[in-house]
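Pulled from TrEMBL:
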type	residues	note
DOMAIN	B:32-329	domain 'Luciferase-like'
BINDING	B:Asp56, B:Thr100	FMN binding site
REGION	B:369-399	region 'Disordered'
COMPBIAS	B:386-399	compositional bias 'Basic and acidic residues'
Amino acid sequence: MSRSPRQIHLAAHFPGVNSTTVWTDPASGSQIDFAAFEYFARTAERGFFDYVFLAEGLRLREHKGRVHELDVLGRPNTLAVLAALSAVTDHVGLVGTLSTTFNEPYELARQLATLDHLSAGRAGWNAVTSSDAFHGANFRRGGFLAHADRYERAKEFAALSKKLWDSWDEGEALPRRIRHSGAQFDVDALFDVPRSPQGRPVIVQAGDSADGRDFGAEHAEVIFSLHQDFDAARVLYDDVKGRLAAWGRDEDSLKILPAATFVIGDTDAEARERSREIARQQVRPEQALTYLEQVWGRDLSGYDPDGPLPDVEPDTGSETARGWANRHKAVQARIASLRELSEAEGLSVRELVIRLTAKHTFVGTPEHIASEIDRYVQERATDGFTVVGHLTPHGLDEFATRVVPLLQERGSYRDSYDEGATLRDLLGLPAPARTLTPDAAAAR
Amino acid sequence: MSHRIHLAVALERAGWHPAAGRAAGVLPHDLVTPKPWVDQARALDRAGVVFATIEDALALTDRFEDADDPRPGRVRGRLDAVLLASALAPLTHRIGLVPTVTTTHTEPFHVATGIQTLDVASRGRAGVRLVVGGSPAERANFGRRDELDAEAGFREAGEVADVLGRLWDSWQDDAIIRDAATGRFVDADRIHNADFAGEFFSITGASIVPRSPQGRPVISVLAHESAPYRLAAEHADVVFVTPHGPAAATGILAELDGAAAELRRSAERLRVFADVVVLIDDAPGRAHDALARLDDLDGGAFRSDAAVVAGTPTEVADHIRALAATGVDGVRLRPARQPDDVFAIADRLAPLLRATRVLRDDDAATLRGRLGLPRPQSRYAVTPAEDPRTTPAREKVAP
Ligand SMILES: Cc1cc2nc3c(=O)[nH]c(=O)nc-3n(C[C@H](O)[C@H](O)[C@H](O)COP(=O)(O)O)c2cc1C
């Protein structure tokens with residue numbers, strides 16, 4: 001029996017502000033210069049990736065009241081760099097993370113439609129809500145939205161954006177007027193960008209709460225998740241795909257691409273050794289302590305990174321998690337679990353932080369990595385991965401050269417781009433259903 | 001030797017004549033593919049034009065048009081100018097790229113980082129033209145924002161210009177240290193919060209983009225009257241003015257000088273560009289005929305804020321030479337029809353002006369350099385003698 005295998009989808013994450021890019025490596029280049037982005041995007045194209053992906057951070061992280069010095073810091077404006085990339089690439093999708101909290105629908109919708117035109121149909125939008133007063137202090141609206149309200153705004157934002165994108169018909173000289181009055185937005189709009197090649201850019205979603213998953217089930221076409229362990233990935237896959245039916249959608253209308261790191265060796269042993277080495281570069285002693293300081297909310301600089309966990313109480317009174325995503329969980333519970341892990345396995349501070357932050361998803365020979373990626377996809381734990389390297393901008397080179405050909409041999413990965421394919425085509429997504437019937441524009 | 005000037009071009013959809021698109025059969029969809037923009041920008045780049053501005057607005061209808069009843073036959077549809085300029089950056093070499101940005105509805109933080117990124121992608125050729133976007137159509141597209149009177153709109157634009165400068169300066173040039181020995185990627189002492197609190201908005205943090213090649217990209221505004229003259233004098237590097245002849249130019253220059261004497265904080269002189277709408281045809285008389293046909297199509301004579309000059313390359317060059325003699329720094333040509341008049345500027349007019357030594361020669365690589373503007377230090381930079389820190393020389397990792 002020769003049923004063709006499920007096709008693997010790969011995204012290439014250009015690491016922005018982060019703690020895992022080994023910037024001390026002599027091969028490490030700029031995080032800002034356009035040449036680095038161009039090199040990276042061309043490598044993604046050489047490896048037939050679906051899209052290049054950028055995260056977003058709207059304020060410089062701080063640590064102990066100062067700009068954080070240890071990690072890669074600084075990134076270009078997402079939309080501007082993707083627009084520039086559109087000019088020097090031909091096939092790869094261009095997906096940016098852009099907040100629904102600190103943008104306005106009319107403006108962001110026209111920017112995304114612009115990117116779709118400039119790239120001949122390769123634009124995507126990772127719609128995130130993340131916000132707090134710390135980030136909000138850089139914007140007119142400030143940090144005014146509570147967590148629960150952010151998805152309300154995100155939903156209304158996405159719904160209004162879709163109406164704007166749908167307001168031009170092919171070949172028409174004028175758009176339809178969009179009247180929208182909701183809790184978040186009250187506009188009477190004539191959208192000024194004609195319908196773009198994809199009609200609408202592909203919508204990506206990354207939030208993990210129930211609200212986030214519901215938003216994803218309603219609006220997203222790709223989910224970027226952190227659940228990379230096989231069983232956890234499978235649970236998320238079933239959960240999110242299970243939510244689609246309520247919106248009249250089928251399994252293929254949404255792809256789930258968890259983040260994945262990798263370390264390649266000629267033998268398994270060599271790969272494991274390299275992985276240990278890279279992890280030690282990723283988590284230097286001062287970074288290990290900083291990680292704990294983020295959890296404890298206090299200065300731990302006197303402690304030994306190669307020793308046991310500090311035996312002091314955390315300071316939970318002050319707002320210390322400035323600009324650090326996903327670290328707001330109950331501090332006490334967090335510390336208890338850290339202690340449990342380090343005691344059970346006899347881990348030093350640095351070893352613990354390596355375990356938590358520098359665990360590489362796929363470690364092994366190219367054959368091993370290719371077969372693992374394929375297994376996840378064939379067994380419906382994911383639809384593919386969002387690959388992140390540990391170097392900028394060369395982090396994808398080895399993957400493109402050594403792993404991609406093996407995926408192609410398996411018949412589960414493309415060996416060419418179709419001429420004129422849009423990002424939605426690359427992802428195998430259905431064309432978007434129009435939200436507007438001829439008279440619906442004025443409704444509501 | 002007579003005074004020499006720079007030549008700039010203002011790109012606007014199918015051109016500045018409202019009937020240009022209709023005459024050429026341009027559809028909204030034609031204007032939003034990148035190819036015509038790339039072709040025009042490259043032609044102007046080869047011709048040595050110092051910069052191209054790109055018009056933009058956050059509305060479908062034109063500024064003085066009834067938004068509820070858009071006029072038929074006008075050409076519609078455009079791309080976001082900052083993104084379009086960003087796409088042109090890797091495909092051009094010397095030309096400055098100056099997108100238009102509306103100050104009323106946008107987030108100044110996004111504007112600052114977008115223009116910095118344009119500066120990075122173009123290796124120092126970014127500028128921005130700030131416009132107040134207070135039209136009813138723009139407000140309706142965004143909703144909720146209270147109406148601003150014109151004076152308030154200009155004050156707000158001034159705040160935007162101010163905060164752009166603060167954000168652009170927020171990282172000193174040497175903030176990225178990549179100090180492997182201490183594990184520090186940046187030096188926090190060389191990154192500074194904007195800490196701006198104004199009448200219209202406040203912004204606390206530093207930019208997320210390190211300082212860009214020009215340090216501060218070039219800020220420009222268009223000005224017709226006292227309020228915008230004052231905005232330009234206080235905040236801009238370049239101002240576009242609309243004299244309808246050399247005598248008017250002299251008067252405007254005098255008023256700008258007065259405003260600058262009162263308000264200007266920069267040590268650098270404000271660069272003044274005179275705007276002229278041009279329609280060019282090689283054959284004598286043909287440009288006037290073409291203009292008359294466009295006017296017929298639009299149902300009335302084209303009136304612009306700027307002077308309209310239709311003629312042969314030599315006739316247009318004569319007009320430019322007369323403006324140059326008034327002491328302006330440059331002329332910004334608004335092509336009546338795109339791409340025809342853009343190609344005429346690039347292939348006919350610019351070579352003629354160069355041959356007759358009207359154009360200023362320059363061999364600088366950045367837009368500031370070409371305009372004769374120095375690269376500013378960050379306002380937070382300290383000279384080594386003032387530097388209180390006694391850090392030893394840092395070991396740097398080669399990028
Ligand atoms: C894998 C992942 C990546 C994310 N990346 C970003 C990002 O780059 N920028 C950002 O502002 N928020 C980012 N977020 C935040 C989410 O998009 C979301 O707004 C936030 O997690 C709150 O939603 P939640 O409670 O549903 O998780 C990310 C979240 C996840 C799970």
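Each Cβ is built from the backbone N, Cα and C atoms, and glycine gets one as well.
The Cβ of B:Thr100 (FMN binding site) has B:Thr53, B:Ile54, B:Glu55, B:Asp56, B:Ala57, B:Ala81, B:Val128, B:Arg129, B:Leu130, B:Val131 as same-chain neighbours under 8 Å, each 6 or more residues away in sequence. Each residue in the domain 'Luciferase-like' (B:32-329) has a pLDDT score, and their mean in this model is 95.
In the three-state DSSP classification, B:Thr100 (FMN binding site) falls within a strand. Within 10 Å of the C-beta atom of B:Asp56 (FMN binding site) sit 25 other C-beta atoms, taking all shown protein chains into account.
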